[in-house]
Structure formats: structure tokens, C-alpha cells
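Engineer: So TrEMBL lists these for the protein:
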ACT_SITE  C:C129  active site, nucleophile
BINDING   C:S22, C:K46, C:S47, C:N126, C:K164, C:I188, C:G214, C:G240, C:G241, C:G262, C:T263  FMN binding site
BINDING   C:K46, C:N70, C:A71, C:I72, C:G73, C:L74, C:N126, C:N189, C:T190  substrate binding site
DOMAIN    C:5-284  domain 'Dihydroorotate dehydrogenase catalytic'
Amino acid sequence: MSYEYATVSGVKEEGRGVRTLWFQWERKVEPGQFVMVWVPGLGEIPLSLSSTDHTKSITIKSFGPVSEAITRMSPGDRIYLRGPYGRPFTRPTGQYLLIGGGSGMASLRPMVGPRAHAIISARSKDDLIFRDAFQPGRVHVTTDDGSEGFKGNTVDFLRTFDLSGFTEIYVCGPERMMFSVYRELRSRQVNARVEFSLERLMKCGIGLCDSCSIGGYQLCRDGPVFSIDELDRMEEFGRSRLVESGRRITL
Amino acid sequence: MSYEYATVSGVKEEGRGVRTLWFQWERKVEPGQFVMVWVPGLGEIPLSLSSTDHTKSITIKSFGPVSEAITRMSPGDRIYLRGPYGRPFTRPTGQYLLIGGGSGMASLRPMVGPRAHAIISARSKDDLIFRDAFQPGRVHVTTDDGSEGFKGNTVDFLRTFDLSGFTEIYVCGPERMMFSVYRELRSRQVNARVEFSLERLMKCGIGLCDSCSIGGYQLCRDGPVFSIDELDRMEEFGRSRLVESGRRITL
Amino acid sequence: MFADLSTEVAGLRLENPLMLASGILDENGYSMLRVLRSGASAAVTKSIGEEERNGYRPPVVHPLQSGMLNAIGLANPGIEEYGHEIEIARRAGKPIIGSIFAPDEAGFSRLAERMQSFGVSAIELNLSCPHVKGVGSEVGSDPVLVKRVVQAVKSVSSVPVFAKLSPNVTDLVEIARAASDADGLVLINTVRAMAVDIRARRPVLSNGFGGLSGPSIKPVGIRCVYEVRKAMDIPIVGVGGISGFEDVVEYIMVGSDAVQIGTALWRNGPGIFSSILCELEKFMEEEGYRGIGEMKGVALQ
Amino acid sequence: MFADLSTEVAGLRLENPLMLASGILDENGYSMLRVLRSGASAAVTKSIGEEERNGYRPPVVHPLQSGMLNAIGLANPGIEEYGHEIEIARRAGKPIIGSIFAPDEAGFSRLAERMQSFGVSAIELNLSCPHVKGVGSEVGSDPVLVKRVVQAVKSVSSVPVFAKLSPNVTDLVEIARAASDADGLVLINTVRAMAVDIRARRPVLSNGFGGLSGPSIKPVGIRCVYEVRKAMDIPIVGVGGISGFEDVVEYIMVGSDAVQIGTALWRNGPGIFSSILCELEKFMEEEGYRGIGEMKGVALQ
Ligand SMILES: Cc1cc2nc3c(=O)[nH]c(=O)nc-3n(C[C@H](O)[C@H](O)[C@H](O)COP(=O)(O)OP(=O)(O)OC[C@H]3O[C@@H](n4cnc5c(N)ncnc54)[C@H](O)[C@@H]3O)c2cc1C
Ligand SMILES: Cc1cc2nc3c(=O)[nH]c(=O)nc-3n(C[C@H](O)[C@H](O)[C@H](O)COP(=O)(O)OP(=O)(O)OC[C@H]3O[C@@H](n4cnc5c(N)ncnc54)[C@H](O)[C@@H]3O)c2cc1C
Ligand SMILES: Cc1cc2nc3c(=O)[nH]c(=O)nc-3n(C[C@H](O)[C@H](O)[C@H](O)COP(=O)(O)O)c2cc1C
Ligand SMILES: Cc1cc2nc3c(=O)[nH]c(=O)nc-3n(C[C@H](O)[C@H](O)[C@H](O)COP(=O)(O)O)c2cc1C
Ligand code: FES
Ligand code: FES
């Protein structure tokens, strides 16, 4: 069986080192699901779909060789991919809030809609992505260096933010950020359904290799989206994870 | 993958050494199709279905070890089988004639209906089967020894038989008999659609081993039912066939 | 009538015949714990060596029409780091079997001793990984080396020792005989195989070739168990392509005492253990088997 | 742009790369004739020995989830009787390749001479049947015997000689090197395998074990061609599990000059040749290949 492939139809610079690539791919994908993208000869990495309509997209930040090669793709190039994989976000039922840190906004992007509100955090102004996708006044920005919006991290902002109007809260970002958001939400009385899209090293994407596991669950199959109640039972969340060899490190 | 199996629900003696075994088997089968019946430890042989309704049956004559073991089965025994295989008879459109020789009547049995007529041939009275399935006057019997009906073989009888009222003629019996029926029909002006159910050694039943082939066609897949026009193009029909080793013998 | 699913293999008592195979959901202790709690009677750890290894870079697995290709490359944290994962997995209160790999008998012995100190109930010698040079099947296809490794590990072990063999050999029975000092054999590891992406024009695995597992190799595994069982009397754990109760029964009928399941977790997740157990019990009741022992080897006559 | 499907392997010119594999629809000359007229570029005969053999009693094949198990048992009418079938098949005007088996080089040489007298375009040495004692893979797993057989047949042959090898060996490259005096290699024969019927409690094949073919073994065949192609420069015919144009391309990309198709005739009949050819041509045009040679070995870098 060969990989499926799609041809890149458009590319957009979203922020520092972050690009969106559009392509046609005849698969039904739900927001929160991901694909494994293969760069022949180089490697394969998991990427969320930042657009799940008929035209699909990935939004990618260059970290290492594979992600870099993908950001360098141009229209006409082939993307080899398999998927979609994983359990998607549940659908919102009222006014809902997206909390995104860094390139974590990529997986939240398909959740943008008329009833969406957002807190977008980044190190600096140039790292902010997708803030223009929201209606003015519904998006709150925080930067570590204060170059735009609130100066400080997500949780600093969240502490003073009223959550009572939301029926759902969706969170995606670096694990340290998600862990502090988790603790903040647990310390408050929150009635919304809260879901986190986690990240772990992924080698297989299909529930065999165990490299993405957390608390006995495979992120690639049982996640990457988990409810806050599920996180309660995961001793590893925010505390430790396995590196490439399987060695456990503390976060 | 294991064999399917069915449990024998009834057994009936049809004639000398010929028995019908009934069983429930949840497969759709068309008249003319066959199954491969496996007797574990002994062997596997092709058998036509003599009844293709919800309750299925096979009608079998004991020739060698496998067929003998099958005739010895009793209610409650398991029949291991695979199939159904092969191309069935086409459906009749008017008054039609069945020409059956010996246990060849087994595959014609499911074709019996209100518009069916038959010529049934056998060596002797005791070898005749299924003559009671037809309305009186619509069935003609021939025996080699004259112990019942017309004395002589099928073709001797056929020569004087008016075929003009039939829209279809279906033939099954020993190849020598079918070959003479074929020549007789070709020598006359016959407007009916004529189909023959052939017999050859079968090892695989699924078009791989070549032991059942005739004129480049696999009896198990492309047959066992062939139209008279298809037989015209088969140099082997009535002339030669391969034995177990693949050696060609003349008939 | 009730069917008793418990079994015993080389002195290891198992509540049912289904174990987790090495290398699948057993890098992280919490995963093994979950698999055990989902019904597996024991878990074999992923194969652990003396030093930390990252394995090959992805793609390391590739799903095929009726099987799975993998070349993980024996990624493992090294024996010292792995003790913690076993500790987590042991919370299930079921046997953990430590799988180890090394290039020679000295390495195997050191690993076996350390594994025992972590409290494993048995040792599995991986003599059969088809895609890493110098270990695995390069060791496992040399009868002299196999004999030395098995004897060395046996001499330092107080728990049962299993030798996991490769089907990628001309004469499996010869290797099985060489391994006969083990308490049991595990048959089979993956079949050396490969796939190419015809549009990318490249092998799909970063390592080029890898090992084939899943339904495609079940008939090979059945043949291997049958062949060895006919030749010698030694406990056997059957593995390769099991995805339903029929496969379990088939392995037992050619003489396996227990089985392992790996690739089938792909489509079915850890829930596969309880669903197979349920159907296995039903089958045994229907066919009149009161225990696993009554099915064992019935197809060998 | 039009794609040219013709190819050449060891001096044998073929109108396309798809041949009929040995043992499938090639007992009866009329069947070969039909397969050739359905688009196959050449037909390999079933393996013929010196004496008539009935083979095993049915069941001799057993369809599996994603493959086929068979133990026909080298049924054949004996070389003298088979000439007539070749005569019929030759009416197609395409190459017929005579497959032969024997226990030693003297038998192989006699058979090769007789085959040539029937007008075959090449000889294929079956050194790889996995289920008949004394011939087949028992010959084909002994490098010394392989070398002797190949040299003996070469010395009496004026047509190309192919050696068909088994994947059931520890070191295929060693055997391939031993066979390197042949004009080409055919890789692979079936994989030794077995299946048991769990209700009948018996092996399904009358012979017990047999050979696995079909999609299940394609990744093994691809690996074998790749492995041998990396090690040596010799024409290779790829076979094992081909059922669509993708499989053909995959075999060519790892270095096959042509391929053979067997089991796929099961579901698709001889019509499979023309349908694969049609899709192969389309693929080549889409991907910009003008001829088979341009695809050959592109995955080897
Ligand atoms: C379910 C899932 C969805 C994902 N979706 C996206 C997405 O939509 N967009 C996207 O850009 N990324 C996404 N990622 C992360 C992405 O897969 C990694 O960034 C990628 O694997 C890096 O691979 P690489 O080979 O390029 O770099 P590597 O060689 O693996 O890494 C280079 C360096 O960057 C560090 N690094 C790698 N990834 C990250 C990271 N995510 N955060 C911080 N440091 C990192 C490494 O530790 C290393 O030091 C997702 C991950 C998962 C598990
Ligand atoms: C498509 C198809 C449908 C068939 N349907 C039926 C059916 O409905 N009922 C039925 O009884 N048989 C049927 N047959 C024939 C049946 O398969 C054979 O009789 C059977 O294979 C005999 O096997 P055995 O192992 O018992 O005997 P064997 O050991 O194979 O044969 C014993 C002896 O009997 C001879 N013999 C075997 N079969 C026949 C035969 N059919 N006619 C004359 N001599 C024979 C042999 O040459 C041998 O000498 C069918 C065959 C085919 C190809
Ligand atoms: C992803 C993956 C990783 C594996 N890793 C190991 C391993 O580390 N050690 C080992 O002995 N076998 C390993 N195997 C082989 C399995 O334990 C098992 O023998 C093989 O997959 C056949 O069983 P299955 O078809 O049920 O998967 C691995 C198999 C897979 C699919
Ligand atoms: C029913 C059957 C009979 C076979 N007979 C022979 C044979 O006589 N000689 C031989 O060299 N290979 C024989 N083979 C092996 C095939 O030629 C081929 O190598 C193998 O089946 C793999 O190809 P496939 O997957 O396309 O079938 C046979 C295979 C099958 C399925
Ligand atoms: S990435 Fe392999 S189990 Fe999730
Ligand atoms: S019985 Fe084998 S091809 Fe028909």
C-alpha cells in the first residue's frame, strides 16, 4: 500500500517560521484530527489539520529537519500523507473559548466560527497566528514580552478572565502551558466542557509503538483530544513523558 | 479461514447407491452451481446442489472413498463445504426440457418446476432418480436394459422426440452421453437455448489448478454450465480430458 | 458446562492464554498496565538492551493490506532506565515477561539478571529481530550461538526462560533444537519484508526493510509451531497474526500452550483481549471443550 | 506521450512485463493459450518432472483472508506427455518457458533437453517447491547443489535458463550467488505455511503444510528482489502477490525486469492481464515514464 498524496495548491506565511499549506484531499476530517506527513528520505511527523473543509490545510512551525522541509514546500509539490487519525474535538453547543499557545493554534484553527472566542498566546508579536480569523473583540492576545496584547503567559491572563459564558473550552499548546491551564481551571468552578489536545512524540500514529502514550492511553488513537476529567486520571500529564528511546524524563 | 459447515438434517435413498442429504446453509445458491465438500482426513469433491431453496441438498452417488463417506452421513453430522461456485443455468422463459443421465440429474433437480419436462436416462430402473418430481406425462424415461420406459440410450430416444415446443433445453450427464446429445441437437434445427452442465476432475474449485479446464475455460469458474455455442469452440469436448496427473486421455 | 480458560506454560500460570507480544504498547509502564487490566494474562516488555537506543527515525511502521510492516529499530531506554516502567506495570498483579536482546551471551546474561531484579516472572530472549544488524536474527540463525545464549541465561535465571525464534531460517527445527535448554519457545517473530511507495519511488520504512506481522503471517506462524511441535516436546507460545478467537484456537490446536497478540491492537486497541476471551469461551462451550488443555495439539494427529 | 510496455529479460523479448507464473492454469495447453491471448506476454509451464505424478489428493488449495495456501504436490503427466500441451500453447506465438523439477543435476539436464525439443523459449528451474520431499526447496536450499544444477542445465541449453528460488532460507543472497550462472533469477516461490480448520480439528490441506501465495507474501517478494538486486547484477523476474498495477510497479522499482502472476487469477481470471496492462500504461503516462527501463530499480538508491 502506498501513501496517499495531495498536491500543494497554496502557501501562506502565518508568523515567524510558521506556514500554512493548502491542498485538496478527498477525506473527511474532523477538527482536532491529525495526519502523518512523510517527507521521503527524511522522516515522518504528525500534523494537525488547520482546515478540515473540502480544501484542507496544515499549519506548521519549523523545528527540525522534517518540519523545515515541509515549510519549504511550494505549490505543485506533493505531500505524502496517511490518516486522518485520532479522536476529534466534540462539537460546540454554545459560545465557546479556544485557548491556544504557539503553534498549538493550528489544531484549534478549524474550530473557528461565529460563536468562537479565543485567547491566543505566544512569546512575541511575530509568533502570534490566526488572530485575524476571529471577530474583533472576541480574541484576546497575550505575549511573554508584551509586544502585543496582555504581557504575561496564558494563565496570568486567564486568572482574571470570566469563563461563565462558555459552554465549551478547547485548549492546545505546549504541555507546560496546558498543565497550568488545567490547574487553573480545576481550581475554579467551571461549568464548561473542557477539552485539551495533547502532544507527545509520535512514531507510528496508529496505536502500536507506544511512543505517544500517556496514562495508558495512546494519544494517536485515544487522543490527541482528551476531556479534563480524563486528564485527572493521567499521572503522567504535566509531569513526565518518554523521549525517542523510551527513556522517561520529567517535564 | 476455516471451512463453513452445515449440519445434515435429513437423508433419503433416491436409487441404487444414490442419496440425498439435506442441510441448512445460509448462502444464496443458483441452480447449476456446486460446492466443494470436504471430508476431513479423506478428501474433497465437487457436488452440485440438488436443492437451492432455503434448505439445501446434495444428491450423491457413491463412486469412491469420498463420495462413499458422504453417502454414509446421517442427520446431525457436519458437512464441511466451501462455495457456492460456478456459473448457474440461465432461467427458463417458457416450456423447457431437462435431459439428465445418471447422477447428472442431481444438478438438474433444482430446475424442476411447473413448466418442466424431462428425459431421464439410466442404466436400469434402479438407477433412475427424481422421476417422481415431475408431473405425469411430462417425464420420459429411458433405460439401457429396458427395465423401465424406452429401451435404449438418451439419443436413441431423442431422435424421435419433438423439440419444437421448448424454449430451453438443459443437459447433464456423462460426457459421452452429452456429446451425443450435442451432436444430435446440432444435426437438427433447434430453436431452444441449449445449456450443458459439464463434468471434469476438479482439484481446487476456484480457477487455479487447471485440472477442470476445457478449451481454455475453467469449468469451476466459467462453467460448469456452458451454452451449446460455447461447446462448438471447445476442441476438447467429447474428445479428450486430463486425468489427475494432468495426462491427456481420449474419451 | 463452563470452559476454563486458564493455562500454564513452562511453569508460568496464566489466567487465560492471551499475552501481550513484545514491542507493542510496552514501552511505557502505564500502557502495559492498561493492557493487563483490559484482559491480557501477561505482558512481554519491549526488547531491552544494555544501552539506550533511539531506534530508526519514522516511518517505522507501515500498514499493509493485511499486515503491518515495522522497523522500530529496537528503540529502548537501556535496561537501567526501564526498571521504573516494570514497576508501574506490576501494579496489575500479573506476570511481566522481560524481553531482552544483546549481541552475545555475556550481554544476554547481564540483562537477564537485571530484569529479574526488577521482578519479572520470566525472561524472553529476542533471538529474532529481523532488521537490526548484529543482534536479533543474526544471533538467532546461528545454532551454536543460540545454544550458548540459552545456556548462559538459564544458568543465571531462577525464572522461566523463553527463546523467541525467527521464521526467516532454512531449518527452524534445527534452531529450535539448539534452543531446547530454554523452558519454552516463542514462535514467531516477524517475517523479513519490505514495501516501496510507487509515487515517492522509495521504500516506505526509513530502514528500507523491516518485519511483517499481522494476518499475513499467521499461516507461517501456524506452520512453525506445527513443525517444531512435531519434532520436539517443549512448551510453545504461539504468536503471529492473531486477530480473533479462531486464530487463538488454531495456534492451540497445533500445540501452543499460550499465545501472544501484537499487531491486532492496531485496529482494535487493548479491548481486543476481552472480546477474544469472550468468543473463545463461547467457542469452547459450543464445541465441548472444558479447558485449554483439551484443545491443545488436537490437529497434530 | 506514450508509454512503451515492452521489456527484455535475459535476452527474452517480451511485449509486456507480465508473465503467467508456474503452476497456475498451465497444465492444459488450451488454458495457457487462453491466458496468452488474454494479454500475458509469456507463460511458464507447470513444473514438469521425468515421471507422471498425481500430486496430493484434494484439498490441495485453501483460500485465506489475504492469500492462498496450496500443496498441489507437483502433479504432472511426465515430460514425454507434456510436449503436446506445449504444442497447443505455442499457437499463441508467444514465449513458453518450461519449468522443470528433479532431485539432481542429471534429472534437470535431461528435462531441460527435452523441454527445448518441444520448442520452449526458456527453461525455469524450480529449486523452490516448499512441500514435496527430495525436490524443490530441499535442492534449492543447498548452495552446492544449486550451483551444480544450474551449471549442468546451462551446459545443455541454448535458451536462457532461469533459477526460481525460495524465500524459505536463512540467507537468500548466498543461494542467489550459487545460482549466478543462470541467465536470470525468478523470485519468489511460495512461503512455507499451514492452516488448521478449528471445527474439523485438522490441517486443511491433505498434505498438512503447503505454500502461501497471494497478497500476503508480496512484501516478502519485494524484500527478496531488493536484497538480491542490491547484492548482484543479474536479470530478475519478480513474483509473489501481484494483483494490481501497483504491485507490478513495486517489483520493477526494486529492480525486476519482468514479473509473473499466479494467485491473482483466482479472483480475476485471465482478464487480469489486460486490466493491469491498461492501468500500468496509465500510471506510466501520469508519472512520466516512457518505458519499463526508466522505472527499473528507482527505489534502490
Ligand atoms: C497530534 C500532533 C499534532 C501536531 N500538530 C502540529 C501542527 O499542526 N503544527 C506544527 O507545527 N506542529 C505540530 N505538531 C508537532 C510536530 O509534529 C513536531 O514539531 C515535529 O514532529 C517536529 O519534527 P522535526 O523532525 O521537524 O523536528 P525534530 O528534529 O523532531 O525536532 C527539532 C527540535 O525541536 C524540538 N521540537 C520538536 N517539536 C517540537 C514542538 N512541537 N514544540 C517544541 N519543540 C519541539 C525538538 O525537541 C528538537 O529539539 C503536532 C504534534 C502532534 C503529536
Ligand atoms: C461440477 C460437478 C458437479 C458434480 N455434482 C455431482 C453430484 O451432484 N452428485 C454426484 O454424485 N456426483 C457429482 N459430481 C461428481 C463427483 O464429484 C465425483 O463422483 C466424485 O469426485 C467422486 O469422488 P470419490 O473420491 O468418491 O471417487 P474417486 O476415488 O474419485 O473415484 C472412484 C471411481 O469412480 C470413478 N468416478 C468418479 N466420479 C465419477 C463420475 N462422476 N462418473 C463416473 N465415474 C466416476 C472414478 O474414475 C474412479 O474409477 C460432480 C462433479 C463435478 C465436476
Ligand atoms: C511495532 C512492532 C514492534 C515490535 N517489537 C518487537 C520487539 O521489540 N521484540 C520482539 O521480540 N518482537 C517485536 N515485535 C514482534 C512481535 O512481538 C510479534 O512477534 C510479531 O509482531 C507477530 O505477532 P503479531 O502478528 O500479533 O503482531 C514487534 C512487532 C511490531 C508490529
Ligand atoms: C496452485 C499453485 C500451484 C503452483 N505450482 C507451482 C509449480 O508447479 N512450480 C513453481 O515453480 N511454482 C508453483 N507455484 C508458485 C507460483 O508460481 C508463484 O511463485 C507463487 O504462487 C507466488 O506468486 P503469486 O502470489 O502471484 O501466486 C504454484 C502456486 C500456486 C498458487
Ligand atoms: S504513535 Fe505509536 S502508539 Fe501512538
Ligand atoms: S478445479 Fe482447479 S481450476 Fe477448476
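Every residue, even glycine, has its Cβ placed from backbone N, Cα and C.
What TrEMBL says about a protein is an automatic prediction, not a curated fact.
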Engineer: Of the binding-site residues listed here (C:K46, C:G73, C:N126, C:T190), which is spatially closest to C:K164 (FMN binding site) when Cα positions are compared?
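Structural biologist: Comparing Cα positions, the closest of these binding-site residues turns out to be C:N126.
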Engineer: May I ask for the distance between C:A71 (substrate binding site) and C:S47 (FMN binding site), taken between their Cα atoms and rounded to an integer number of Å?
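Structural biologist: Computed Cα spacing between C:A71 (substrate binding site) and C:S47 (FMN binding site) is 13 Å.
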Engineer: Find the shortest Cα-Cα separation between C:G241 (FMN binding site) and the binding-site residues C:K46, C:N126, C:T190, and name the residue that gives it.
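Structural biologist: That would be C:T190, nearest by Cα distance.
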Engineer: Could you measure between C:S22 (FMN binding site) and C:K46 (substrate binding site) for me? Cα positions, answer in whole angstrom.
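Structural biologist: Cα-Cα, rounded: 5 Å.
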Engineer: Per 10 Å Cβ neighbour count, which of the binding-site residues C:G73, C:G214, C:G241 ranks highest?
Structural biologist: C:G241
Engineer: Given the binding-site residues C:K46, C:G73, C:N126, C:T190, which lie within 10 A of C:G214 (FMN binding site) by CA-CA distance?
Structural biologist: C:T190
Engineer: May I ask you to pick out the binding-site residues among C:S22, C:N126, C:K164, C:G214, C:T263 with a CB closer than 8 angstroms to chain A's CB atoms, ordered by sequence, or 'none' if no residue qualifies?
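Structural biologist: Listed in sequence order, the binding-site residues near chain A are C:T263.
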Engineer: Where ligand 4 binds, which of the binding-site residues C:S22, C:A71, C:G73, C:K164 are close by, with Cβ under 6 Å?
Structural biologist: none
Engineer: Among the binding-site residues listed here (C:G73, C:N126, C:T190), which has the Cα closest to the Cα of C:S47 (FMN binding site)?
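Structural biologist: Result: the closest of the binding-site residues to C:S47 (FMN binding site) is C:N126.
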Engineer: Which residues in the same chain, at least 6 apart in sequence, have a Cβ under 8 Å from the Cβ of C:K46 (substrate binding site)?
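Structural biologist: Those within reach of C:K46 (substrate binding site), by Cβ under 8 Å and sequence separation of 6 or more, are C:S22, C:G23, C:D26, C:E27, C:A75, C:N76, C:S99.
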Engineer: Sorted by position, what residues of the same chain at least six away from C:T263 (FMN binding site) have a C-beta under 8 A from it?
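Structural biologist: Same-chain residues close to C:T263 (FMN binding site) (Cβ under 8 Å, separated by 6 or more) are C:I24, C:G67, C:M68, C:S213, C:G214, C:G241, C:S243.
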Engineer: Of C:S22, C:N126, which of the binding-site residues has the most Cβ neighbours inside 10 Å?
Structural biologist: C:N126
